[in-house]
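Presented below is the structure to which this report refers.
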Amino acid sequence: VGRQLGNPALQPPTCSVPKLKRSVLSFIPILSWLPCYSVRQDALGDLISGISVGIMHLPMGLAYALLASVPPVFGLYTSFYPVLMYCIFGTSRHISIGTFAVTSIMIGTTTERLAPNSNFMSLNGTNGTQILDVVARDALRVQIAASTTFLSGIFLFLLGMIRFGFVVTFLSDPLVRGYMTGAGIQVVLSQLPSLFGIRVGRFSGPLSQVYLLIDICRHLPETNIAAVVVTLVALAVLIAVKELNIYYEKKMPVPVPIELITVIATLISYYCKLHSLYKVAVIGQIPKGLKPPSSPDVSLWGSIVGDAFAVGIVGYAVNISLGKIFGQKHGYTVDSNQEMVAVGLCNIVGGFFQCHVVAASPPRTLLQDSTGGKTQVVGMISSVLVLIFILQLGTLFEELPKAVLACIVLVNLRGLFMQFKDIPELWKSNKFDLLVWLVTLVCTILLNLDLGLAASIGFSMLTVIFRTQLPRYSILGHVPGTELYLDTDTYEEAKEIPGITIFRSSTTMYYTNAQLYLDALQEKSGIDIGMLLMKKKKRDTEEKRKDEKEKNKAKKQAKKPIMLLKCVFYQSRVKIETLSLCQSKVNWGFEQQGNGFDQDSKTDIHGNDHITQMSSTGREGEMGRSSVNDTHTIILDLSTANFADTATVKTLKNIFLNYRKIDIDIYLTGCQVCVVEQLSSAGFFSESIPKSCLFTTIHDAVLHSLRLHGDLTCTTKM
């Protein structure tokens, strides 16, 4: 009653308790799934999966920290804090968030650009050699990585809160896959010095990878043989066991954790003294314990804002892609906006604890799914394992050769390089997408990761615009016995209806292709509107001049008294001819309105295959009509249009006005409601263009045209 009476006091509150509860549960998903957690069904699988993923986190955290150009222990921090945050706020049950090669190399590009080695070189007063201050350099790089991570998290969190998760849709699948492949190539190039045991310079900016490759080739004579031996042995073991894991995937409950086994096995280097005797580069000091949080350096934000946004979007794109794949596989929904909020919070918290940007790792995610993980409890268990390693076992790996970590990185990039198989598939399916894939790959390699991403998105947008500039224009024909109208060039069964031209574009018409639409309409219909209007104007001018000449002649004759009888006779003849000419024009207009079949014509009507042909003898010269197809109706199929801008409205108005001048009816079909509303708002409909020209389907417009033009037999047989 209160609602009917409009009493505000009795109206339901806009912020009710159930609505508040739903909002809290959607913002903190762990509150909804943890109370319903089934220990009997899920605990064992989550435990096994958590241990397996945690074991994989350890070597990956150490290896990807080197990609980010920060000390290895900070990769372990990245495998701990953000993982716990995602367990609380994430909506995917199967992705494993943490360190990822692509985001790590993007962070490494930023840290090396803002803190290059050259800024920390000093002269030794004793022998005059240059000394690198590694401690100061690493401290600044950690601060840069943490600030970039924090700012990236702020961007993602704010975009997620305003429900802007659809921004990732601008990153098409070919673009993302090409970008990942290009980033993988950069990762390989960055790890080559560790594989060969050489030292090269650091490069940033466009063509930096070309300069790096040249520098690597220049230093190859300095290759450390011991490092190469370690590399070959590690690669052989890793690749062999990885292939066995894939081959016996269905027979083994848990894949062999070969990364951790390799790391432990190479600790023998401590006894072989590879570092002291053979100068093999090792990880170095790994401090025990966790560091207290520290605020990011706000003064760096001006220099890293572009990098932070780019790396955040890339990390989120990887997350949502993997999340939706496994969500569809296991039958649950992944909220894109909440995922953006969750990843943003992971990076914000990670920024306070000197972490770098996180993303879902495909190898760890596949491992989590294959080992029976069903919830994010897997992340909690893996975090506990990483924490134990940080607190107690980190110092055991200080003598681990960097070449082993580089091998672990390369072997886990296998999935990225398998994406080269996209090239033949895209060549067969869609060459535009193939072009986007290749251009993205080249831009990523040559322009570096940040500029490469921007250039790739710009090129992808250009391809969309280019596709709208090259739509497919079709003339539709009727399929006998149905209400279908198909492209006559593609389907032989579709036959054009005599006197009716049905025109359709494969894309929406807007300001960039409006003129192309008009040109294609004239070309496909065979009606040159400009020429016909010019002929009609010329004809009207000649008729007007003849009328004026006859009137002047009549006036001169009327002034002669002697010729009175002849003048009377002449005026009578003029009236008769004028009346005949007016009657001819009236009949022609009557015919063009649909009722003008010649009453003396004996032409028969034969269903769909024939429509009564009006006499065209001298018609083109008199009325400007096309003698080729004798079209009386043009139907524009706008079913592909999803909006109507001012150029669309103007073009349609011109079509209506110009074709009406040569007595051709124009009908619109298939218009969506939003298009009709936009046309109405723009003042398109008027007395000259009524809404009665709109039809729901092409078939309705065809039947109306046939009835209007008198082909009743054809109407009944369709």
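Note: Cβ is positioned from N, Cα and C throughout, glycine not excepted.
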Among ranges 340-359, 400-419, whichever one TrEMBL labels transmembrane segment: 340-359
Matching range for TrEMBL feature annotation, coiled coil, among 531-559, 589-617: 531-559
CB contact flag for the transmembrane segment (379-396) and the transmembrane segment (73-89), at least three pairs under 8 A: yes
Cβ contacts the transmembrane segment (298-319)/the transmembrane segment (340-359), at least three under 8 Å, sequence gap 6 or more: yes
Other parts of the chain folded back onto the transmembrane segment (73-89), taken as Cβ under 8 Å at six or more residues beyond its ends: 27-30, 57-58, 60-66, 96-99, 104, 142, 145, 286-287, 290-291, 338, 341-343, 345-347, 349-350, 353-356, 358, 376-377, 379-380, 382-383, 386-387, 389-390, 394
Stretch with greatest number of CB pairs under 8 Å, the transmembrane segment (340-359) reference, 150-171, 225-244, 435-466 candidates: 150-171
